[in-house]
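So that you can see what the record holds, here are the features copied from TrEMBL:
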| type | residues | note |
| --- | --- | --- |
| SIGNAL | 1-21 | signal peptide |
| DOMAIN | 40-160 | domain 'Beta-hexosaminidase eukaryotic type N-terminal' |
| DISULFID | 75-122 | disulfide bond |
| DOMAIN | 176-494 | domain 'Glycoside hydrolase family 20 catalytic' |
| DISULFID | 286-337 | disulfide bond |
| ACT_SITE | 332 | active site, proton donor |
| DISULFID | 512-529 | disulfide bond |
């Protein structure tokens, strides 16, 4: 009987340990136990933490430009970041009160920011080749954050995320240059506030690309100055459910201030039903026998007017969005309407395409790529464009999203052909399941395919995607975070950072930090945060 009671006791202890995360905290081989304790996320490349502990107080701490730094008070991007991070640290401290149990060795008085590049890029935009590396030395009385430019400084400041910190030495840089989040604003309109909140969360998790899937079949919320009827007729509502030029400008600048690129996607020739509402003759009329059905299919690829429209439209897009790349889509083209149209059948015969409608798709895509190339923009496309044999520029970025056949094989084929690629297949976060599905997300790796070292250098990173069939402003943020955080660490940290136990311990605390800053990230499992989300 005593043995049975003892067994029941141990069973209860194990259950409590798992439920409260104690098991994750006390067992397992960690890469850096001190890093687990302070919940650094994503984990820096190199870190040393000592036992000496410092306190930061709002009255005694300041962030300054270091002597010899190539940026000063006139750098508005840094000045805004100084104010923002000061509020991050001390706004939360004020909410929690001054009750402290830990004994501190001394008070940290200053963080000096030292930029070394001749051009610190204060007025620039981040790009694919941006240097985001930084070094952070936390010691008393002053700490030093050293980076080549403002982008590295932004990443480094986010590492200093508490009003209590140990003596620390960090040397950090991202594993991949492209670390993105895709949001879909066509299937449901997302309010500006929801987009900005997620840009804030992206910065906290060191993402650097906002892939804005801004239009699709369902609605066309992008307000074009050149073709205003596209949103006037194609948006859910022409006034309340559109992104005006000033809205778009606000998003781009808000993102820039956080070191985030905005890459807009205008997907054609499929996914364009909303385009046709405001642009007559753009889409292909579908037929049943010799009679039109009154319905429309993809963009009509045989009309010169189609390419005149695309030339003018993408000229505008290239001026609105400053990033060097535009995402042109090219996925999921349904050929049935093209096959039904007698004019397209005649064109196919004239071109010698036979019945291979992939050749017609390639004809359209090739002409579109030439149009975009003339705007001096690079382009990203979904993997079908490569699969269908379209002639591509050497710097084209191919976006892998399909899981069948296995995405690893597709990554191998693309890189073997010498093209840059990025991965999304295992990171469609609109797919949800019961339990801790963040773990599968965390384990996926964009370089996990059979290929040479040179092939793997062509992998520029990846994106977590949140498609909008079942997502709007009410559930966007908790559905995305902290699951997207798992992608963030995979794309930033060293490839050997794989310990799920360590990740759970750090991510649970990091999730609480997001909640503390007003981001309603959902819980990983049973537990609580010292400062719970207060609601809307």
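From the backbone N, Cα and C atoms, a Cβ is placed for every residue, glycine too.
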One finds that other Cβ atoms within 10 Å of the Cβ of residue 512 (disulfide bond) number exactly 21
Using residue 332 (active site, proton donor) as the reference point, find which of the disulfide-bonded residues 75, 122, 286, 529 has the shortest Cα-to-Cα distance to it.
286
DSSP-wise, what's the residue breakdown of the domain 'Beta-hexosaminidase eukaryotic type N-terminal' (40-160) into helix, strand and coil?
31 helix, 33 strand, 57 coil
Within 10 angstroms of the C-beta of residue 122 (disulfide bond), what count of other C-beta atoms is obtained when all protein chains are considered?
17
Name the residues of the same chain, 6+ apart in sequence, whose Cβ is under 8 Å from the Cβ of residue 337 (disulfide bond)?
284, 285, 286, 295, 296, 297, 298
Cα-Cα, whole number of Å: residue 122 (disulfide bond) versus residue 529 (disulfide bond)?
36
Across all chains shown, how many C-beta atoms besides its own are within 10 angstroms of the C-beta of residue 529 (disulfide bond)?
16
75, 286 as disulfide-bonded residues, winner by CB count within 10 A
75
Could you pull the average pLDDT for the domain 'Beta-hexosaminidase eukaryotic type N-terminal' (40-160)?
87
